[in-house]
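Taken verbatim from Swiss-Prot:
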SITE      Arg15  site 'Transition state stabilizer'
SITE      Lys24  site 'Transition state stabilizer'
SITE      Arg166  site 'Positions MEP for the nucleophilic attack'
SITE      Lys224  site 'Positions MEP for the nucleophilic attack'
Amino acid sequence: MQAIAIIAASGVGKRMKLPSGKTKQYLKLGVYPVIYYALSAFQQASSVEAIFVATLPSHIAYLQKMARRYGFHKVKFVIEGGKERQDSIFNCVEKIREVYGDDGALQDKVILIHDGVRPFIQPNEIDEIAELSKSFGACVPATKPKDTIKYIDGDDNRFFGETLDRSKLLQVQTPQGFRADLIMSAHQKAQSDSFYATDDAALTEAYFPEQKIKIFEMGYHNIKITTPEDMDLGKAILKRLRQSK
């Protein structure tokens, strides 16, 4: 079994409050840009045969140069992303279809979809998710929430509603893995219906409700760089990961 990775790197990161033209995936975290670490992990993962990256048009040449410079030979295509994250994933799905064709070349393969701003995923975790995706059809990493979670009052959003049972909740992350034909079909259907979901797992749930999604319990290191505070936390995680190797 070989996996194909899709890296979503088209976001502009409004919550990061960056100057115009700058995006969070290219901020320096230690020596390298945030996205470097994600690409490096997928390059090292033995289950991954090819990486497709969706990014802003102005960053395509930069990412291609990065892949050459650091020997990320699994990065096969860097293409233009879409208006929304889901559009970017769809663009990569269509590129995969174009490259592999519909003659069975994708049979027994899985597709792993990852956020380019989750730099701390580890190669062994990628391999485990790929294997579980193959075995169960779909697999998504998640962590247990540390905080109490409450609904907002439905009648007045200035107040809380009921408290949720934390033991039945998980915070979902990436990479999310799926049997190739399953996720490609889900994206094609969603594109036809102009339907948008919060992530690829939700898309699968919408179009293939019979497909159970295996839980892969992840540690708390696999954060998504979203706000300025995440960069400070990221530096601490990077230091700890380096010390543990």
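Any Cβ shown, glycine's included, is placed from N, Cα and C.
Since this is a predicted model, take the numbers as computed values, not measurements.
Swiss-Prot feature annotations superimposed on the structure.
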{"residue": "Lys24", "record": "site 'Transition state stabilizer'", "Cβ within 10 Å": "26"}
{"residue": "Arg166", "record": "site 'Positions MEP for the nucleophilic attack'", "Cβ within 10 Å": "13"}
{"residue": "Lys224", "record": "site 'Positions MEP for the nucleophilic attack'", "Cβ within 10 Å": "16"}
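Arg166 (site 'Positions MEP for the nucleophilic attack') sits 31 Å from Lys24 (site 'Transition state stabilizer'), taking the CA atoms of both as reference points. Spacing of Lys224 (site 'Positions MEP for the nucleophilic attack') relative to Lys24 (site 'Transition state stabilizer') is 10 Å (Cα to Cα, whole number).
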